[in-house]
Amino acid sequence: MAEERRQKLCSVILPTESMKAMAESVGVGSLQEDSCLALSEEVSYRIKEIAQDALKFMHHGKRRKLTTGDIDHALKLKNVEPLYGFQSQEFIPFRFASGGGRELHFYEEKEVDLSDIINTPLPRVPLDVSLKAHWLSIDGVQPAIPENPPPVPKEQQKTDSTEPLKAVKPGQEEEGSIQTKGQGASSAEVKGSSAKMVPLMRMKPRSTHELSVEQQLYYKEITEACVGSCEAKRAVCVCNKCYLFLFQVRVNVVQNNLALLIYLMRMVKALMDNPTLYLEKYLHELIPAVVTCIVSKQLCLRPDVDNHWALRDFAARLMAQSCKTFSTTTNNIQSRITKTFTKALLDDKTQWTTRYGCIAGLAELGHDVIKTLIIPRLSVEGARIKAVMDGPVVSNIDKIGADHVQSLLLKHCASVVAKTRPLPDMVDQYKVDYGYLGTMLCSHVVKARAQAAFQAQTVNRTTLTITQPRPTLSVSQSGLSTSSGSRAPSIIKVPSSLTLMSTRPGTPTQPSPPATKYIVMATSAGAASTHYLPTAPTAILHSAADYTYPAMRVKRKKSLTTMVEDLLCNRS
Amino acid sequence: MAAVQDGQMELDAEKETKPEILSDGTSNLSGNTASGTLSSSPLTAAPAGGAPKMEDQQTLIAVLQFLKRNKLTDSVEILRREAGLGEDQEDSQATDGSGGGKGDVDGGDANSLLSRVSITSAAAPQSVIIFHSIIFFYSYRFGKVGGADDQPDVSVVLSAYSQQGDPSLYQVYYSGLKNFIESVLDCHRAELSQLFYPLFVHMYLELVYNNHENEAKAFFEKFSGDQECYYQDDLRVLCGLTKKEHLKGNEVLLDFRTSRFVLRISRDSYQLLKRHLQERHNNQIWNIIQEHLYIDIFDGMPRSKSQIDSMSGSLAGEGKREVNKAKVFHGLLKEPEIEVPLDDEDDEAENEEGKPKKKKTKKDSLGSKSKKQDPNAPQQNRIPLPELKDSDKLDKIMYMKESTKRIRLGPENLPSICFYTFLNAYQGLTAVDFTDDSSLLAGGFADSTVRVWSVTPKKLRKVKSAADLNMIDKESDDVLERIMDEKTASESKILYGHSGPVYGVSFSPDRNYLLSSSEDGTVRLWSLLTFTCLVGYKGHNYPVWDTQFSPFGYYFVSGGHDRVARLWATDHYQPLRIFAGHLADVTCTRFHPNSNYVATGSTDRTIRLWDVLNGNCVRIFTGHKGPIHSLAFSPNGKFLASGSTDGRVLLWDIGHGLMIGELKGHTDTIYSLKFSRDGEILASGSMDNTVRLWNSMKAFDEVETDDFTATTGHIHLPDNSQELLLGTYHSKSTPVTHLHFTRRNLLLAAGAYNSQ
């Protein structure tokens, strides 16, 4: 410490060569060494003095950056004429030259033709200073609006999304803190929010959800409106639909009605593709529903036969799409989703179905996510799959699950490994690195490389334009044959994954802010939309099967199907 | 107004010389105490208004002689004319005080409301006060130190270093002392460690002064690392100083020389040190201690390291205990009784609120509160205050009505914060102020402009031109409305006039005027009716860092790079008081809520409280480790909060002159501090883009102000910043430049968005 300080304080003086060079530039030819030394010491001292004064002006100008203007003012204090022409904004306009064993920095003065200046069009007039007000805090709580910084600082977001393993920890603290503080105690909450911005999210108590009579009626009304013939009514309902959505999914998850879930997911897709709808408001309803479809333990009555895997894949893709579209620094969807998935993935007791969903969900988020979160887990998962495959047959369901997980992992990882791993592909090396799955992965990687090479040859080398095929999903309730048949090749993944921090520049300086996209919500709604998110999926994740709903049957299955068709028609 | 302008032109010509050092002697404080060596005897109170007339006369003559010697004949003339001294008197060394009589007459034209009344309030004759300010003024203006008291001259100051010792032995001496201090008992070590820094500086300067450059460098190399980290900035200045010639121009170092570094050491520790030095015959160090340090010895337990650290850090050591003994009337003035037109006003309110009963009682309690006289309050007419106009009374009524609707804040009930962001300011925003009723917002910018915004739907309008004003019916009821020119209505107005960055803005309480202080050395008064400049107050000559209106209007204070704060009245082009004593720039100035005192924060890392009546420094608060950039008085006038570049907020008890709290949390300079209207919450805004709220009530309640701490001045601060911190609110890369509580306790914050 002392050592550092001393270094910082040691007095630096200008080299005597500079003095000589400067003397020469003003026509003083031979300068004594002694006078050079004296001069340089004096000049260094004066420069330091001026710099110290300039610092004062910086402080009073409430800036962190010293400007040339500050130096000018400091010179003025010393009764020295300021230097003119150093008004450059950004960089120090010195040029470097060397020659004759001497090194020089000089200021380049260009000759400018006056007519050039006159003839150039005038630059745009800078915008005038303006004043804009927003709420930094309302009764001690900072609202999550674009004018305020994201509730979680950028660094934290980054660590959250890259290392969700660590992020699990604060979640546990959260539960503890809530137990002690209680939900209503505002002071405790404020304390928490001041100490850390994270624990703002309130864990929703795990409880049985009962649909009230009003909700049942509402549900009935909406469904009928959608199915019915009145066009105007239907338009109104589209938005309300989202509220309803969660109920439907919950109901169907409990009922294990795979067909309807698929329809519902397609409806979400349709809603999302519709550019005229502002879904931001309803994300907190939609996302838990979608996540449930990805990771629920059981989605159909006969998990050994039904192809619920396709539903999971589809929902995962849907999730990735909504992450891409809606994730901002304020709502932070993607990192929260990632966290949810990873948490489930790391849990040893997670069922194969859920595990499959998690991996699918993560994999759809892009290559970076695969690289950082899935590939390091390969060996662990491999061991687990091996245990099921080679071990005594416990149940057919487990085996099928493990099989699916294996193929999913191989499919997604192969392309990523092919890109990141240097040649050659040695089977042994793969085995060392990835364990049980190494052998198969190796062959997949080789295939992927060959395919990539093939594509590079056939397709134009400069640009590779691949229009993303709209994910389609055929409803096939029996047979495993179409497990991944309708999928788009995994190479054409959405490349955006970890860029969520920079997606929205968030500059309020823009004269025409992209505010139209935001729908400013009432505080309660805002709080709900942001706080509710991470909790619901996890709750569903862990205990989706535990939920008990009052038996509420959807009357006509046919009607729902038509409804979805209608929705799809609407957007075209 | 034309006359005023002319006067300034005249003055300008003479103000070119830069003061080399400030006449510290003229500040009543250290000048008188400078003669005392190592004495622990209580000092005589600073010569307030009652100082003998004779002495002043003599100092004045000394000033004159000094001026003559320096061939400043013009100035001699002016001074003589203004002071009313005849040439003969000066020659005869002024044995009689008849000049004072003349001064009464001539001083009359420089008379102010303030000095007029001081005849009645203070025992001092009028002339004394005038002389005081004149001496302040002249001795400052001509830079060189006059013969005031026993203030040493520049050359004298430096020659004090000329004593010769073997330069090579300095390191031995210093390390000898270091070894000694490190070997003493723990309880003494902390206290004696205080000696390191001043000794180090003085020994280094001695070496430099005697042209032992290499030895000085070696000395610095060896021991600079041992110094406390909060002296870094000074050490940086010091390390650049390697030549005798450098010493002459460096103000910081001259200050270090002219003002004795004050150390507080217990008697036991001091005896220990003395014995050691005498045993070793270590005269070199002993001489330095004798000549350059002031050791304030107290009886009792030695202080602990944390106690010492909390108080040290200023440029010239701690404040002497005696300094903070003067009585400060920190109570509030009695509210003028205003007849509230209860009938119709209340009816209205009843209709609005539907809770008529509650309102009535509230109002009554408010009234009774203001009638009770605070024992600590100054006399109502201690300093003359402007009379209330009808419009002021209306405003007071508005204020009372608003305050009944005020939200009671507390840890359970935090204020909402509305943030005003300046967009496209390109880093140019340097100062912000709100009016008390939160209707107007002013911003000072680095491009020399001042901009005024209306933050209510009511637009800003100018008064019509003179020709148009003649046309209107002056008898009509809405004449005030008619004089405004609708065509000029706009949301903001720009005031052009300064020629440098505007570092301070302040609205007058009646919202008719705006003050701005700038790098160009002037303070300007703007009319908010015509949106033109009315007066430019010249006097500082160097950048004016801050200015503020008195809470009652009329007076204002400014502080700047010339290391003085000045008290002005809007109708005088010369300052009424010059508060000299700070050793570095005065960075911020604040009026006490009762307008009798002014607090100034400085780059020398001290806060001083000045009595407006007699210009005395009545409090020195040390403890900050960086330049102070913000000050705030609590609404009851008892406490002061200060924020500095070190990111800490310190709380002070004005009555006892003690530090009572330290709020840690910010990571960068604190540029704004504000108490809520009831004083329950302290809000601080910083360069680190945060607004933080602190539980000031709790901080003040926990203070133990028993007699012991009050007399010894030893404080023991609880480290409870985290408990007191109620909330942290981050803005989006917008440093918080200003904070303001509306009358209903909504917190307004302002800052410029920084796009980088």
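Backbone N, Cα and C define each Cβ position, glycine as well.
TrEMBL assigns the feature region 'Disordered' to residues B:1-51, out of the candidate ranges B:1-51, B:460-510. For the repeat 'WD' (B:537-568), residue counts in helix, strand and coil come to 0 helix, 19 strand, 13 coil, using DSSP. DSSP assignment over the repeat 'WD' (B:579-620) gives 0 helix, 24 strand, 18 coil. Break the repeat 'WD' (B:422-463) down by DSSP state and the numbers are 0 helix, 23 strand, 19 coil.
Residue counts for the repeat 'WD' (B:663-695) under DSSP (helix as H, G, I; strand as E, B; rest coil) come to 0 helix, 20 strand, 13 coil.
Taken residue by residue, the repeat 'WD' (B:495-528) breaks down under DSSP into 0 helix, 19 strand, 15 coil. Across the repeat 'WD' (B:621-654), DSSP helix (H, G, I), strand (E, B) and coil residues number 0 helix, 20 strand, 14 coil.
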